[in-house]
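Colleague: Sharing the record's features from TrEMBL:
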- 39-153: domain 'Plastocyanin-like' (DOMAIN)
- 166-314: domain 'Plastocyanin-like' (DOMAIN)
- 414-549: domain 'Plastocyanin-like' (DOMAIN)
- 1-30: signal peptide (SIGNAL)
Amino acid sequence: MAKQGKTYSGSAFFFLAFIMMIMFSFTAEAAVKKYQFDVQVKNISRLCHAKPIVTVNGMFPGPTIYAREGDTVLINVTNHAQYNMSIHWHGLKQFRNGWADGPAYVTQCPIQTGNSYTYAFNVTGQRGTLWWHAHILWLRATVYGAIVLMPKEGTPYPFPQPTQEVNLVLGEWWNTDVEELVNQGNKLGLPPNMSDAHTINGKPGPLFPCSEKHTFVTEVEQGKSYLLRIVNAALNDELFFALAGHNFTVVEIDAVYVKPFTTQAILIAPGQTTNVLVQADRVPGRYFMAARPFQDVPIPVDNKTATAIFQYKGIPNTVLPTMPQLPASNDSSFALSYNAKLKSLNSPQFPANVPLSVDRHLFYTIGLGLNPCPTCLNGTRMTASLNNITFVMPKIGLLQAHYFNTKGVFKTDFPDRPATPFNYTGAPLTANLRTSLTPIPRLSKIAYNSTVELVLQDTNLLSVESHPFHLHGYNFFVVGTGVGNFDPAKDPAKYNLVDPPERNTVGVPTGGWTAIRFRADNPGVWFMHCHLELHTGWGLKVAFVVEDGKGPNQSVLPPPKDLPPC
C-alpha cells in the first residue's frame, strides 16, 4: 500500500525486514505493511483562501494507514518541507519500542529537511480506529490521517457486521499560515487567533464560502448499515458530532470495544476516536453530519459548524440537506452524561484488566499561569502547568538520554502531588500566577510493572477549563470522574473497577477531576500532555520514565540505526 513509484532499495528493505523479524515475534498470518510518507508543501485552497500547507504525499488529510492486528508496519518518512518533522502514531502502544512513538525531543530528535526515518512497529493486541499526526510545533494542523487496524483474519467484530465503513477525520482550518500565527502569539505572550473553520475530511462543508468542491459526501443505500470511524484531529476544540434524523450506536472508543449504547450525538475530544454504527433506515434524502465545539466556559472558540453529507442513493444534489440537533455549545450536562455511558465491553474475549490495587498514587493539578516577559504585550506570557511546573522541552531526545544514561538532560524529581494544596475549583485565582520553570525538564520515574493511579484535577487558576489528556505508550482505565475538588476520603468508593472505559485520551471535566489507572509494563520514556495544542505549547505536559524490568522482554529495545540525530 505504499504510494506508487516509491520503493525501498532491495538490500535496504531486506535488511530492515530481517531486523524486524528479530525485533518482533512474527505469527504465520502476520504481514509486513509498507508505506512511503513524503512530507511536502502544497498549495491548498479553502474558504476562498489559497495557501501553502505541509502535507503527506500532497494529501490533506494525509493517507490512511491500514493494517491488521499482528502485522508489522514500516513507514518511511522523507522530509521535503522547510520544517523539522516528527510523526506520532497516536494510541499505538509501541511495546518496548518508544523509538517509533514520534514526539519530537521526547522519543526522538525530529527528521531534518532532506532526511528520512523509518518508523517500524508491530500492532500487538490492538484493533480499531487510531490516527497519526505531526508531533512538533503546530504542524498537526495539516499533517494528520487515520489508522484503521482490522481484527485478525477470521475474527469478527463483537457487534453486527456493517455493510460499509467510512472514515471521518474532524479537523481545523486557518486562512493564514499557522506557524506564523503561533510565533506572533508567542512574541506577544497571548493565544494565537482561533481557526477560521472546522473540517470533516479536510472540508468545511456548504455553510462556508467557496465550499462547492469542499464538502465531503458519503453515499448510502436504504436498509444498509454503516460503521463511521470518527477521529478528532482538531488542535484546540472538543466537538459534538451528530447526523440529522439518525441515531448512533457507539461501539468503540480509542480502539477499544465498549458496551454498545444509542445516542443522538457524540462528544469527542482532540486525540480521541469513536466508532459508531448507523442504520440507513430513514426516508431517502440528504442529511447533514455536523461538528461544532463544546466549550462550557467563556473562552472564545471557532463556533461555526462544519458539515458533511450522508446522501441516500438516487437522491439528486438539488435536495437541501436536513440539519441535526446538536447539543448547545455549553451543554456540560450532556458532556458528563455521555461520558458516563462509556463502559468497557469486559467480555471473556475482551476483558477489562483494571488494576485493583495501587502501588503509586499521583495527584496532578492542571493550571494556567502568567510568567514575566518584558518583551510581551502586557509584560507577561501565558503559561500552563502540572503541579505548578511548566514543562521545558529539552534539546535532545529524552529516550536517548535515558537509554544511554546521559547525565544533565533531565531530572526525575517531578512531585507526586502539588507542593501546596488549595481550594482548586473555588473562586477564580488571579494572584500569584507564576509557574515554576526550570531549564532541565523534571520527569516522574515509575517502577516497572507497578500499578499507578493518577488523579488529574482541574483548577480555577485564571479559569477552569476542560482538558483532554493523552498518555503515550499506554491505554489506561478511567475509573472515576467528578465535578469540584477530588475527595480522597470519599471519591474512590465510587470508582468503577468492573468495566470502566479503557482509552488513551481522556477529558478532564471543567472544574472537575478524572482518575485513571494503568500498569507500568511498557519500559521507556512516555509523554503525557494536554491534547489542546495551545496548552501543550504553554507547557501543560510531563513525561514518565518507566524503568526496565529484570526479564528478557522487559527492557527498552536498542535504537534503530537511522534514528534522526539532533
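Glycine is treated like the rest: Cβ placed from N, Cα and C.
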Colleague: When secondary structure is assigned with DSSP, how many helix, strand and coil residues does the domain 'Plastocyanin-like' (39-153) contain?
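Modeller: When I sort the residues of the domain 'Plastocyanin-like' (39-153) into the three classes, I find 6 helix, 58 strand, 51 coil.
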Colleague: Could you give me three numbers for the domain 'Plastocyanin-like' (414-549), the DSSP helix, strand and coil residue counts?
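Modeller: Once the DSSP states are binned, the domain 'Plastocyanin-like' (414-549) shows 9 helix, 55 strand, 72 coil.
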Colleague: What are the helix, strand and coil residue counts for the domain 'Plastocyanin-like' (166-314) according to DSSP?
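Modeller: Looking at the domain 'Plastocyanin-like' (166-314) with DSSP, the answer is 11 helix, 72 strand, 66 coil.
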